[in-house]
Structures are given as structure tokens and as C-alpha cells.
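TrEMBL has this to say about the protein:
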type: BINDING; residues: Glu117, Asp118, Ile119, Val120, Thr121, Thr122, Gly123, Leu124, Ser125; note: 5-phospho-alpha-D-ribose 1-diphosphate binding site
type: BINDING; residues: Thr121, Arg149; note: orotate binding site
type: DOMAIN; residues: 43-156; note: domain 'Phosphoribosyltransferase'
Amino acid sequence: MMPEQVLEEFRNAGALLEGHFILSSGLHSGVFLQKMAIFSEPPRTERLCRALAEAIRERFGPVDIVVSPAIGGIVPGYETARHLGARAIFVEREPGKPFQLRRGFAIPKGTRAVIVEDIVTTGLSARECLASLQDQDGEIVGAACLIDRSGGRGEIGVPLLSLVTLDIPAYPADALPPELAAIPAVKPGSRAIPV
Ligand SMILES: O=P(O)(O)OC[C@H]1O[C@H](OP(=O)(O)OP(=O)(O)O)[C@H](O)[C@@H]1O
Ligand SMILES: O=C(O)c1cc(=O)[nH]c(=O)[nH]1
Ligand SMILES: [Mg+2]
């Protein structure tokens with residue numbers, strides 16, 4: 001799937017939002033990719049994740065396990081795993097704790113796993129996901145996402161592939177451009193805002 005087709009799916013799903021958003025990293029942005037508008041439509045999710053699975057197979061070879069950071073990664077992780085013929089597991093946070101594998105999930109010795117994210121902005125969530133897997137015996141061969149909005153600068157710790165790479169501006173709270181400072185901010189994601 002070409003990058004323009006991916007963006008067309010986001011546009012048609014109403015997933016390209018403009019406003020003032022506080023992102024998972026704490027950065028602020030005038031653009032938010034509301035992936036849940038995609039994941040609430042199974043046919044659209046299937047098309048995108050089939051393309052992601054093809055890109056993963058081509059770049060990383062055979063994959064046994066897809067592991068995703070909750071909440072946003074769970075649906076694309078499952079759907080991408082379905083196309084790869086792989087198992088789908090996820091890491092999640094208990095309040096105040098870092099990501100961890102729970103529910104009996106594991107990456108056993110001899111298996112090859114890929115991290116599947118929905119959106120990468122700074123790479124923080126994918127890095128934290130990778131860090132939570134350090135005690136697993138299998139190999140994490142790479143990471144993949146639908147859209148990398150970091151301009152390719154997000155460092156994960158393993159190679160990252162994306163269906164589309166965009167460079168969308170994001171700002172620290174104390175360096176907002178006037179057009180963002182003028183409107184109230186909303187925080188769409190599930191990471192707790194640091195107090
Ligand atoms: O690359 P980053 O700077 O980490 O930003 C991207 C992350 O932000 C969102 O998750 P969020 O923590 O908002 O929660 P969600 O998965 O529940 O949407 C998104 O799902 C990615 O995981
Ligand atoms: O950085 C984020 O938190 C983020 C950005 C974005 O565009 N979409 C999303 O779901 N999360
Ligand atoms: Mg997330």
C-alpha cells in the first residue's frame with residue numbers, strides 16, 4: 001500500500017484531527033491521528049494491517065509473535081498477527097507502573113517477535129515496550145507502525161518500519177506557537193498525565 005493510500009484511509013475514516021492535543025510524550029501538537037476512528041472499522045483495519053504484515057514479512061522475515069503496547073497497539077497488533085499467522089500479545093500498564101507482559105503472555109526461547117505500534121511520535125511507548133521485554137528469552141527482531149509522525153527520528157532500539165513517515169510538529173508545553181496557546185488542549189490517549 002502506497003503512503004498516499006494509507007493517508008486516504010485515515011482521511012476517509014475522519015482520523016485526521018486538527019485542534020490542540022497533548023500527546024502521550026507530553027508534547028503538544030495541532031494534529032492528532034485518531035487511530036481508533038480506523039480501528040472501529042474492521043475492513044479499513046484489515047486493509048492497513050495486511051499491508052503492514054506484508055512489509056514486516058519482507059523486512060524482518062518470519063515472525064512468531066506480535067507484541068503491542070496497550071491500548072492503541074492491541075487492535076492493529078492482533079490484526080497484523082492474523083495476516084502474519086503469528087500470535088498476538090500485548091504489554092500493559094497497571095496504574096503507576098511501567099509496561100509489563102501479564103495474563104500469561106511470554107516470548108519463549110527460539111521465537112521471533114515484532115513490536116507493532118499504531119502511531120509513533122517520539123518512540124517513547126515503543127521503547128518502553130521493548131524495555132519491558134528484556135527478560136524474555138525470544139528475539140525482538142524489529143518494530144512496525146502504521147504512521148511514524150516523528151519524521152523518522154523516533155529511536156526505538158530495534159529497526160522501525162512504517163507504512164508512512166510524516167514530520168508533524170510537536171512542541172513542549174512552554175514553547176507553544178500562538179495558534180495553539182489560544183485554544184484549550186485535550187489529551188486523547190490513555191497514558192496518565194504526570195502531576
Ligand atoms: O511515540 P510516542 O511519543 O510514545 O507516542 C505514540 C504513542 O502514543 C499513543 O499512545 P497513548 O500513550 O496516548 O495511549 P493509547 O495507546 O491508549 O492511545 C499511541 O498509541 C502510541 O503508543
Ligand atoms: O503522540 C501521541 O500520543 C499520539 C499522536 C497521534 O497522532 N495519535 C495518537 O494516537 N497518539
Ligand atoms: Mg499507545
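Glycine is treated like the rest: Cβ placed from N, Cα and C.
What TrEMBL annotates, mapped onto the structure for a quick look.
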residue: Glu117; record: 5-phospho-alpha-D-ribose 1-diphosphate binding site; DSSP (3 states): strand
residue: Gly123; record: 5-phospho-alpha-D-ribose 1-diphosphate binding site; DSSP (3 states): coil
residue: Arg149; record: orotate binding site; DSSP (3 states): coil
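Across all of the domain 'Phosphoribosyltransferase' (43-156), the predicted model scores a mean pLDDT of 97. Residue counts for the domain 'Phosphoribosyltransferase' (43-156) under DSSP, helix first, then strand, then coil, are 38 helix, 35 strand, 41 coil. Counting neighbouring Cβ atoms within 10 Å of each of the binding-site residues (Thr121, Ser125), the lowest count belongs to Thr121. Arg149 (orotate binding site) is 13 Å away from Ser125 (5-phospho-alpha-D-ribose 1-diphosphate binding site) when you measure Cα to Cα. In the structure shown, the C-beta of Glu117 has more C-beta neighbours within 10 angstroms than that of any other entry among the binding-site residues Glu117, Gly123, Arg149. Checking the binding-site residues Glu117, Gly123, Ser125 against ligand 2, none has a C-beta less than 6 Å from an atom of that molecule. Contact annotation for binding-site residues (Glu117, Ile119, Thr121, Gly123, Ser125, Arg149) versus ligand 3: Ser125, each with CB under 6 Å from a ligand atom. Cα separation, Gly123 (5-phospho-alpha-D-ribose 1-diphosphate binding site) to Arg149 (orotate binding site), rounded: 10 Å. For ligand 1, the binding-site residues lying close by, meaning a CB under 6 A from one of its atoms, are Ile119, Gly123, Ser125; the full candidate list was Ile119, Gly123, Ser125, Arg149. The two recorded residues, Thr121 (5-phospho-alpha-D-ribose 1-diphosphate binding site) and Arg149 (orotate binding site), show a Cα separation of 5 Å. Apart from Glu117, Asp118, Ile119, Val120, Thr121, Thr122, Gly123, Leu124, Ser125, the residues listed for 5-phospho-alpha-D-ribose 1-diphosphate, the same chain places the Cβ atoms of Ser24, Ser25, Ala126, Cys145, Asp148, Ser150, Gly154 within 8 Å of the centroid of those Cβ atoms. Using a 10 Å radius centred on the Cβ of Ile119 (5-phospho-alpha-D-ribose 1-diphosphate binding site) and all shown protein chains, the other Cβ atoms total 24.
Arg149 (orotate binding site) is 12 Å away from Glu117 (5-phospho-alpha-D-ribose 1-diphosphate binding site) when you measure Cα to Cα.
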